[in-house]
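Visitor: This is the feature table in Swiss-Prot:
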REGION    33-330  region '13 X 22 AA approximate tandem repeats'
REPEAT    33-54  repeat '1'
REPEAT    82-103  repeat '3'
REPEAT    115-136  repeat '4'
REPEAT    137-158  repeat '5'
REPEAT    159-180  repeat '6'
REPEAT    181-202  repeat '7'
REPEAT    203-224  repeat '8'
REPEAT    225-246  repeat '9'
REPEAT    247-268  repeat '10'
REPEAT    269-286  repeat '11'
REPEAT    287-308  repeat '12'
REPEAT    309-330  repeat '13'
SIGNAL    1-20  signal peptide
Amino acid sequence: MFLKAVVLTLSLVAVTGAQAEVSANQVATVVWDYFSQLSNNAKEAVEHLQKSELTQQLNALFQDKIGQVNTYTDNLQKKLVSFAMELHERLRKDSEKLKEEIRKELEELRAGLLPHADEVSRKIGDNMHELQQRLGPYAEELRTQVNTHAEHLRNQLTAHAQRMETTLRQNVGNLQASLTPYADELKAKIDQNVEELKGHLTPYADELKVKIDQNVEDLRRSLAPYAQDVQEKLNHQLEGLAFQMKKNAEELKAKISANADELRQKLVPVAEVVRGKLRDNTEELQKSLAELSSHLDRQVEEFRRNMGPYGETFNKALLQQVEELRQKLGPYAGDVEDHLSFLEKDLRDKVNSFFSTLEEKENQDMLVAVPELQLTPVPLES
């Protein structure tokens, strides 16, 4: 299933120009999750992978495109299969090699920082405090924005439901003709308001990435005087830290979007029920409209409750990652399993590069037939 998913993803992007539908990040996640689950060698984990939301999402997309998939040439399919297999095989081979490289890097970095161990620990602690000060307002602002825009969504939809109730009372004789436009508009309003909600909330993740870059750069500068002989190794570790922290920001963004989509999925069926009741008697329709209003209240409140802790949870995760860096660089760190984050970062960089190559090829040669498209696999390590 893994190879089929990756091959079809890359085929879809290469041939149909569907970069907007299937991203490099999605493909990298499929490959990385598969590698991680097989590395754990747990039957339950592999079963979970097969049922994961991402796999279902990609499979659904491919089913929609199955007619196009069947038209791909054997030559292109072979190239893409080769690339997908190479990704996974290189992950497996590079894992142990990179693990040893990171172990040696940390060993040399700790030795270089050892004469200044107390100062280094204090500087990292100061950085954690600064990070906490930077992130605190964002967590509170996210909570405020969630409450504000969720309330706006509820008010918009409740007002629409109330207009339907008023119309119902005034047009008892011709309910279907009077209320059908309102029922159709209700679904459109749900879609519109949920999209606006996502539009207001998801940019926070991008703003947090900027703060992460600022914080990591501040940390690099503060530690530079103590790492003159091992600066390159320190920079590499800080790159890994920034990658992990930004991954948390992406996960926050995905959670916000997923919660908003879940809210939509819970609201739309109720609107459809109301539309279906237009053929019923007035009493049944009044009951449905009353249930609609209470359902709106419950679902919006549940959304607010679910979203409430996200900001604080995100902040704690970032602070914990900086604390883990402090422990890694300390004199008593011992062996640390730290190579996987670097391996994942390298994988995502290479998949992004592969997608960029496809996009450039497509832009430069839009009229070239599909069989003439040449793809060059991008190795995981240069």
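Just so you know, glycine gets a Cβ as well, placed from its N, Cα and C.
How buried are the listed features, and what sits near them?
Guide: Only residues 6 or more beyond the boundaries of the repeat '4' (115-136), in the same chain, are considered here, and those with a CB under 8 A from a CB of the stretch are 208, 211, 214-215, 218-219, 222-223, 226, 314-315, 318-319, 322-323, 325-326, 329-331.
Sequence-distant contacts of the repeat '5' (137-158) (same chain, six or more residues past either end, CB-CB distance under 8 Å): 186, 189-190, 193-194, 196-197, 200-201, 204, 207-208, 211, 267, 293, 296-297, 300, 303-304, 307-308, 310-312, 314-315.
Taking Cβ pairs closer than 8 Å, the repeat '7' (181-202) reaches residues 142, 145-146, 149-150, 152-153, 156-157, 160-161, 163-164, 167, 253, 256-257, 260-261, 263-264, 267-268, 271-272, 274-275, 278 in its own chain, all 6 or more past its ends.
Only residues 6 or more beyond the boundaries of the repeat '8' (203-224), in the same chain, are considered here, and those with a CB under 8 A from a CB of the stretch are 113, 120, 123-124, 126-127, 130-131, 134-135, 138, 141-142, 145, 231, 234-235, 238, 241-242, 245-246, 249-250, 252-253, 256, 314, 318, 322.
Beyond the ends of the repeat '9' (225-246), by six or more residues, the same chain brings 105-106, 108-109, 111-113, 116, 119-120, 123, 209, 212-213, 216, 219, 318, 321-322, 325, 328-329, 338, 341-342, 344-345 to within a C-beta distance below 8 angstroms of the stretch.
Break the repeat '10' (247-268) down by DSSP state and the numbers are 22 helix, 0 strand, 0 coil.
Same-chain residues lying 6+ beyond the ends of the repeat '11' (269-286) with a Cβ under 8 Å from its Cβ atoms: 164-165, 168, 172, 175-176, 179-180, 183-184, 186-187, 190, 292, 295-296.
Taking the repeat '12' (287-308) as a whole, pLDDT averages 86 in the prediction.
Sequence-distant neighbours of the repeat '13' (309-330) (same chain, 6+ residues past either end, Cβ-Cβ under 8 Å): 106, 109-110, 113, 117, 120-121, 124-125, 127-128, 131-132, 135-136, 138-140, 142-143, 208, 212, 219, 237-238, 241, 244-245, 248-249, 252, 255-256, 336, 338.
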Visitor: For the repeat '12' (287-308), what does DSSP give as the number of helix, strand and coil residues?
Guide: 21 helix, 0 strand, 1 coil
Visitor: Cβ under 8 Å, sequence separation of at least 6 from the ends of the repeat '12' (287-308): give me the contacting residues as numbers and ranges.
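Guide: Long-range Cβ neighbours of the repeat '12' (287-308): 142-143, 146-147, 150-151, 153-154, 157-158, 161-162, 164-165, 168, 256, 259-260, 262-263, 266-267, 270-271, 273-274, 277.
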